[in-house]
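**Student:** Just dropping this structure here.
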Ligand SMILES: NC(=O)C1=CN([C@@H]2O[C@H](COP(=O)(O)OP(=O)(O)OC[C@H]3O[C@@H](n4cnc5c(N)ncnc54)[C@H](OP(=O)(O)O)[C@@H]3O)[C@@H](O)[C@H]2O)C=CC1
Ligand SMILES: O=C(O)C1=N[C@H](C(=O)O)C[C@H](O)C1
């Protein structure tokens, strides 16, 4: 049995993950922690899952690493600076590992992978992410990562920026420029988590779309991470390598 703790346990995703951990025969939920709760029960966990808030996640991660607890993190708000900080903490606690992924839904990981592969073959690439209106951050972590992967693939292949002759626009009309890729964030009641990667070339377009229709979509990927993080030394970013996507 792997002893598991959940941070953000009363949140939309955290509550779903508590149910998933309790339903798994090889996992035991030993701590369910949310705002206002002491973190002490987490010290008995082998793996802590964090789905809290971008402002809270670094402090939680630091606490877990200091207490020798592996972490599986879905909370967004990570950039290269934060990853470097986590690498530093892990370096002083050898044997403690962390898996941080912007999206644990298998379909979303495949969407990012396919977008990365397709991006160098088209003149234009833009991303539209669509989420429930209670989401704290914009653009989504998934959109940021997709843009970074697409842009890196285009740069490696020598493909320039997407053509755009706009000279006059209301601020925000062209979305955010994330690593050279335009990202548009929709917040709409009724939605959960959705993304389209739009690619355009000579007389054709390709749209890669993923929809999380329920927060259950994140559970299999998170549980895979919980079972595997112990054998992934240091910091692992993204679920790709666990799915054999390299
Ligand atoms: N990687 C992935 O696959 C996915 C990532 N996410 C990300 O996960 C995060 C959480 O999303 P979601 O569940 O929708 O958000 P919610 O706001 O529903 O849940 C977050 C929970 O964490 C609590 N919380 C805040 N700070 C702390 C803290 N310091 N310690 C313990 N608990 C805390 C919140 O309490 P309170 O409400 O009182 O502040 C809330 O109950 C977001 O960053 C989101 O983008 C979401 C879905 C999938
Ligand atoms: O807040 C959410 O809901 C989600 N957050 C993650 C993100 O920002 O990419 C993953 C998914 O999109 C759901």
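Cβ coordinates are placed from backbone N, Cα and C, and glycine is handled just like the others.
The structure displayed is predicted, hence computed values, not measured ones.
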**Student:** Looking at the NAD(+) binding annotation from TrEMBL, with 8, 9, 10, 11, 12, 13, 74, 75, 76, 101, 102, 103, 104 already listed, which candidate in 37, 40, 59, 123 is the matching residue?
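**Tutor:** Checking 37, 40, 59, 123 against TrEMBL: the NAD(+) site match is 37.
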**Student:** To the nearest whole angstrom, state the Cα distance for the pair residue 135 (active site, proton donor) and residue 103 (NAD(+) binding site).
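**Tutor:** Computed Cα spacing between residue 135 (active site, proton donor) and residue 103 (NAD(+) binding site) is 14 Å.
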**Student:** Using Cβ-Cβ distances, find the residues under 8 Å from residue 141 ((S)-2,3,4,5-tetrahydrodipicolinate binding site) that belong to the same chain and are at least 6 apart in sequence, listing them in sequence order.
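**Tutor:** Non-local contacts for residue 141 ((S)-2,3,4,5-tetrahydrodipicolinate binding site): 76, 77, 78, 102, 103.
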**Student:** Mind telling me which of the recorded positions 10, 12, 39, 131, 132 has the densest Cβ neighbourhood, counting other Cβ atoms within 10 Å?
**Tutor:** 131
**Student:** Going by DSSP, give the three-state secondary structure for residue 10 (NAD(+) binding site).
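**Tutor:** For residue 10 (NAD(+) binding site) - judged by DSSP and reduced to three states - the answer is coil.
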**Student:** For the recorded positions 37, 135, 142, which one has the sparsest Cβ surroundings, going by other Cβ atoms within 10 Å?
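**Tutor:** Across 37, 135, 142, these recorded positions, the one with fewest Cβ atoms within 10 Å is 37.
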**Student:** Across the whole of the domain 'Dihydrodipicolinate reductase N-terminal' (2-104), what does the mean pLDDT come to? Round it, please.
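**Tutor:** Mean per-residue confidence for the domain 'Dihydrodipicolinate reductase N-terminal' (2-104): 98 out of 100.
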